[in-house]
Amino acid sequence: MTKAPVTVTVTGAAGQIGYALLFRIASGALLGPDTPVKLNMLEIPQGLKAAEGTAMELNDCAFPLLSEINIYDDANKAFDGANVGLLVGARPRTKGMERADLLQANGGIFGPQGKAINDHAADDIRVLVVGNPANTNALIAAASAPDVPASRFTAMMRLDHNRAIAQLAEKVGAPVADIKKMAVWGNHSADQYPDVSYATVAGKPAADLVEAAWLDEYFVPTVAKRGAAIIEARGASSAASAANAAIDHVYNWVNGTPEGDWVTAGVASDGSYGVPEGLVYGFPCTSNGGEWEIVKDLEISDATRAGIERNIKALEEERDAVRELGLI
Ligand SMILES: NC(=O)C1=CN([C@@H]2O[C@H](COP(=O)(O)OP(=O)(O)OC[C@H]3O[C@@H](n4cnc5c(N)ncnc54)[C@H](O)[C@@H]3O)[C@@H](O)[C@H]2O)C=CC1
Ligand SMILES: O=C([O-])CC(=O)C(=O)O
């Protein structure tokens, strides 16, 4: 029997990540090669014309799995019946903008989108927030969707996770496929703590293969500041790698993580590792093909503890700021 199409809503569909993401969703990379997709694209009015151009190109690909394309500038319509929501469109920080202004502007986007999800999405809705500040935007969207379990609102830490794997693979001269159990704790910001404590390279502890000084002085800052380095080199922020990470996150959420490995996902804390409940925080996670589960009871070194605490502080500050603004 042919499967019913899964409705995937992408916000910021006419942006640079949108352009790198939509074709892969339509090709089957997001949900698997047997799952037809109905694509709902959400844009602001100024973005609609470009979204139409992208929709024309999607048509021209004649993807067998793409059952329908719709373009909206109304979140209530775009999320109607949505099973997966990729919240990419966000207000970037511009010159002279204070952090509170940025949080306020994004609250004006992620609050109403959370409410639209609450009121119109399918019961099995799964949301990945990509737009920055991703962790706190996910918190805002979740707070505006009281009827949807908070566990369904996640933030993208997978690009950080993939960047960390790539850096370690290059250092030790191993294929990326040999690297398991990488972790990136905390916030998708320069505060994040990429951690090789549990990582293995072809079964050997990664920590035995690299020097402590390389980890502290090169690995952690290189991964944490990679977004800025890409902007410096490309003149624009990461787009294809961000789209790829979004695909990886949702694919593993829906289809499960590989046996003997985990990935990093930004999920609502259940209090694990002393992270206050409810903060959307990067943890090592597995999925059984439906729900993320935080990997529990890992032994935490002093360095990891310091990284975890730094990120708790940063995310609590963001949470308190949006609370003061009345956004959560
Ligand atoms: N979490 C992560 O790892 C990463 C996050 N990002 C973030 O992703 C976001 C998007 O990046 P790009 O695609 O490069 O930006 P972009 O500026 O190229 O595209 C953003 C699109 O969102 C649209 N948009 C703005 N407000 C909207 C709304 N209320 N509803 C629907 N659409 C709306 C804009 O019209 C624009 O077309 C940025 O916030 C960026 O910082 C980027 C890379 C990695
Ligand atoms: O800094 C940005 O806007 C892009 C970003 O999040 C990243 O590349 O990690």
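Any Cβ shown, glycine's included, is placed from N, Cα and C.
TrEMBL annotations:
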DOMAIN    7-145  domain 'Lactate/malate dehydrogenase N-terminal'
BINDING   G12, A13, A14, G15, Q16, I17, G18, N106, Q113, V130, G131, N132  NAD(+) binding site
BINDING   R93, R99, N132, R163  substrate binding site
DOMAIN    158-322  domain 'Lactate/malate dehydrogenase C-terminal'
ACT_SITE  H188  active site, proton acceptor
COILED    298-325  coiled coil
Most Cβ neighbours inside 10 Å, all chains, among the binding-site residues R93, R99, R163:
R163
Spatial separation of N132 (substrate binding site) from A14 (NAD(+) binding site) - C-alpha basis, Å:
17
For the coiled coil (298-325), distant same-chain residues with Cβ under 8 A (at least six beyond the ends):
99-100, 103-104, 107, 133, 135-136, 139-140, 185-187, 189, 191-193, 195, 197-198, 216, 273-276, 279-282, 284
Including all protein chains shown, what's the count of other C-beta atoms within 10 A of the C-beta of G18 (NAD(+) binding site)?
26
Which ones in the same chain are close to G12 (NAD(+) binding site), with CB under 8 Å and 6+ residues apart in sequence?
G18, L42, E43, G47, L87, V88, G89, A90, G131
How many Å lie between the Cα of Q113 (NAD(+) binding site) and the Cα of N132 (substrate binding site)?
15
Which ones, of the binding-site residues Q16, R93, R99, N132, R163, have a Cα no more than 10 Å from the Cα of H188 (active site, proton acceptor)?
N132
Cα-Cα distance maximum in Å, computed over every pair in R93, R99, N132, R163 that the record assigns to substrate:
26
Site extent for NAD(+), whole Å (max Cα pair distance, G12, A13, A14, G15, Q16, I17, G18, N106, Q113, V130, G131, N132):
20
Across the domain 'Lactate/malate dehydrogenase N-terminal' (7-145), what are the DSSP residue counts per state (helix, strand, coil)?
64 helix, 26 strand, 49 coil
Provide the number of Cβ atoms within 10 Å of the Cβ of A14 (NAD(+) binding site), excluding the reference atom itself.
24
Rounded Cα separation (Å) that holds between R99 (substrate binding site) and Q16 (NAD(+) binding site):
23
Which residue among the binding-site residues Q16, Q113, N132 has the fewest other Cβ atoms within 10 Å of its Cβ, if you could check?
Q16
Between the Cα atoms of Q16 (NAD(+) binding site) and R93 (substrate binding site), what distance do you get, rounded to the nearest Å?
16
Ligand 2: which of the binding-site residues G12, Q16, G18, R99, Q113, R163 have a Cβ closer than 6 angstroms to it?
none
